[in-house]
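Per TrEMBL, the feature domain 'Hcy-binding' maps to 8-314. Annotated Zn(2+) binding site per TrEMBL: 215, 299, 300, in sequence order.
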Ligand SMILES: [Zn+2]
């Protein structure tokens, strides 16, 4: 058996001022690829096509992720019951975790377990707090058992649920660091009315090792919220994991996004027309460095090419950089000696013809 590589831990990296990249967005990846249903959004692909999940873990590492995040997002009791597969709950969690551990060990990366919003944080559900705590408890116990390096607890649009998650992490996985992120939809407050800086402070006091935002907002509308909160709060490192869509001041999150041409709502299956491009993500990477945000990643809408752009914006050269664009070898744009002789004059003519707009 190959000897397990010694890997530097999350907190050591952050203490040394390193930036940690965590590629996410599995639900949307597999929905696009036709292995998961938009709506219920349950990661059944872990059981149906585990080889694809393993490959996606590897692909994100190849593209520059420092972390293999186990794909257990929405593999919790409430979601599994929604599709009538509660009996598969333990199997799906353990399987996703085991594969993530294996890929992390093979690639010398960190493995994170994942818990998320339960969608039952509504006070019309009797004993909802205890129900949520139990959901987190069972998933956290599997995460610990699988030997995760740390925990990602994410996509909480209420501070209250994030606090239950943080406390559960400290109770059921006390030896593991936890990254706790809220989801910012509209306005300066969480859905239960807490300012982000205040929410971060209280989550850190409850034991969160990294706090921040993930999902819902694209880079353009997420970073200003973090920048403001960061002026008031600096107790623990901040995290930024936006969706890969061009959200705007008028439509600050992807649920509110509308098609710029037809005016129709885009969430969740027609967002492609406002997809962030590589330059957007390169700029995002530069901006998080200016802001001193050390835990970064890409959420819904992520793909390997965007993760690579993020990694390269931080000065990294992940394995996928071997294939980064080299336009000098492009027949029209490049000047490589080996290109067939095509004088500059002809190139300009071609370029003009190709870009010409027919009236
Ligand atoms: Zn997301």
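Yeah, the Cβs are placed from backbone N, Cα and C, and that goes for glycine too.
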Spatial neighbours of residue 215 (Zn(2+) binding site) that are distant in sequence (at least 6 apart) but have CB under 8 A: 154, 155, 181, 183, 241, 242, 243, 299, 300
Densest Cβ neighbourhood among 299, 300 (binding-site residues), 10 Å radius: 299
Other than 215, 299, 300, the chain contributes near Zn(2+) (Cβ within 8 Å of their centroid) the residues 24, 25, 28, 155, 214, 216, 241, 242, 243, 244, 254, 298, 301, 302
